[in-house]
């Protein structure tokens, strides 16, 4: 309950390219040459498709043409390249004139590494090297926890219950160690912090000019908790409100018997109602086909495809719009006689066939992204990757 109320308060408050050569025989010579000197060449090397599933186009024109605000959430199994895909999309949006915010909700942040810039600290920071406004944020749960403590000050459980009109019962709850419970980090603090930022972006006037907001989400489990959190809070708030009414009625009866002072109804019900309305706004945004899209990122392995299929089923159950599937780290065709490479390409082709036959994934627009010969770090490299994926 404390987390619910504090979310309502906290969310209102303001808030060089490193290259790594791999598999030199695969014919990846062009990447280093094209991004050398922080410059992207106009001629990108071409990666042939490994299967005839789709052209591999992301239909970026439809993603960039609308001026109203759009939310894009990129997620999937850990280690598939979600951050690089999200960062490259944010750079692409900004390069096309859309003021953009990119947010990492993953507790193990790598957005700073992707942009080759320090984005830590839990505050929005401008990304260097992009013409249009591009701000980035790594959500830091520890900072939010400190903010919660700052806003609550040194209030004890007794004071908190007094504000609810239930101070007379505080002594009876001493054995529950509520003080320790409130001081401990919530298991869902990452998701609470992310939701609070979504609320800020939706409500604060200073964010109104940003027309694209990209989320680099945590691995699958965290992301599903994030998307289901508004429903969970909505249900919890309803239960808390009913419970308080029952306790207040019982306390009033206690007063009549023992002649205690009248219990005052404080601000809790109104604050809960306000939070309930705001949670409903977030829930509606996550499910709005006109403003939101979840992009699944995966790699061409059976395990990753299976998890992506389950993720899509869960997103469909939550009514979250999904239109695109990125298959990352595909080996391009090569004239090399590398036996290992040939075997891997054949296996990747087989896995792409599994997508075509998967009832959850076959209807999505397939985006094929190649395995590159370098780490994607810094804006020039992200522009290069963005031109390969988002076209």
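Here the Cβ of each residue, glycine as well, is placed from N, Cα and C on the backbone.
Going by Swiss-Prot, these are the annotated features:
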ACT_SITE  106  active site
BINDING   77, 78, 79, 80, 81, 82, 83, 84, 328  ATP binding site
TRANSIT   1-50  transit peptide
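Where Swiss-Prot records a feature, it is marked here on the structure.
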residue : record           : CB count, 10 Å
77      : ATP binding site : 21
79      : ATP binding site : 10
81      : ATP binding site : 22
83      : ATP binding site : 24
106     : active site      : 24
328     : ATP binding site : 23
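A straight line from the CA of residue 83 (ATP binding site) to the CA of the residue listed as 'active site' spans 9 Å.
What surrounds the ATP site, by Cβ distance within 8 Å of the Cβ centroid and not counting 77, 78, 79, 80, 81, 82, 83, 84, 328, is the set 76, 85, 297, 299 from the same chain.
Taking CA atoms as the reference points, residue 328 (ATP binding site) and the residue listed as 'active site' are 19 Å apart. Site extent for ATP: among the recorded binding residues 77, 78, 79, 80, 81, 82, 83, 84, 328, the largest C-alpha separation is 14 Å.
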